[in-house]
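Report on one structure; see the data block that follows.
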Amino acid sequence: MAEKVNNFPPLPKFIPLKPCFYQDFEADIPPQHVSMTKRLYYLWMLNSVTLAVNLVGCLAWLIGGGGATNFGLAFLWLILFTPCSYVCWFRPIYKAFKTDSSFSFMAFFFTFMAQLVISIIQAVGIPGWGVCGWIATISFFGTNIGSAVVMLIPTVMFTVMAVFSFIALSMVHKFYRGSGGSFSKAQEEWTTGAWKNPHVQQAAQNAAMGAAQGAMNQPQTQYSATPNYTYSNEM
């Protein structure tokens, strides 16, 4: 088997750094979970884009007469939350679907609930916190309408992010409970060390992939279009 080379994030060649993670949905994730895993990845991308747009909104806020603190904090949130959200909640759910690990699911639930709370706070928009939320944006319309309109864009995006985060958390939790997962299973994995054993993880991944492939390749009973009658010679 060829050695997997880290490919994420895809950095330009002139940057003297190498990717930190290996990510391949089709190779790592069982087919029945690829769609949900990709949706969570797109949600992480939306969160990153929203933080970048928020930086622009805070710049407009600064130009319109707002304080420089918001712009500085917005820049800090962008460079801090973008990699942290990937490591803290996307990688655990990626690993959870890859290896069917209850411990990874629990790690995702814990960190993603924090992500949901942060998204709600960002959508609310407390002035001085470096986010263009509803309170900050609406209150700034009386100061500079042009800047407030620009601030309205990340405000809407933060709101959408909060709604999508709640939906995603509900979907993953429903799937996890429906598949028989529980907190006791996560505790068992922690106690036995199965969550960090690469051989156990590979075995779980192979079992999940094999089950999915077997379900897709299961032969279907075929029926002949021509009826076959059996006649008895006894009258």
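Cβ coordinates come from backbone N, Cα and C, glycine included.
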Exercise. Can you check whether Swiss-Prot puts G67 on the same side of the membrane as S179?
Worked result: no
Exercise. When the topological domain 'Extracellular' (126-148) is classified with DSSP, how many of its residues are helical, how many are strand and how many are coil?
Worked result: 11 helix, 0 strand, 12 coil
Seminar exercise, completed: In the same chain, residues at least 6 away from the ends of the topological domain 'Extracellular' (126-148) whose Cβ sits under 8 Å of its Cβ atoms read 54, 57-58, 60-61, 63-67, 69-74, 76-77, 154-155, 158-159
Seminar exercise, completed: On the topological domain 'Cytoplasmic' (89-102), the mean of the pLDDT values is 93
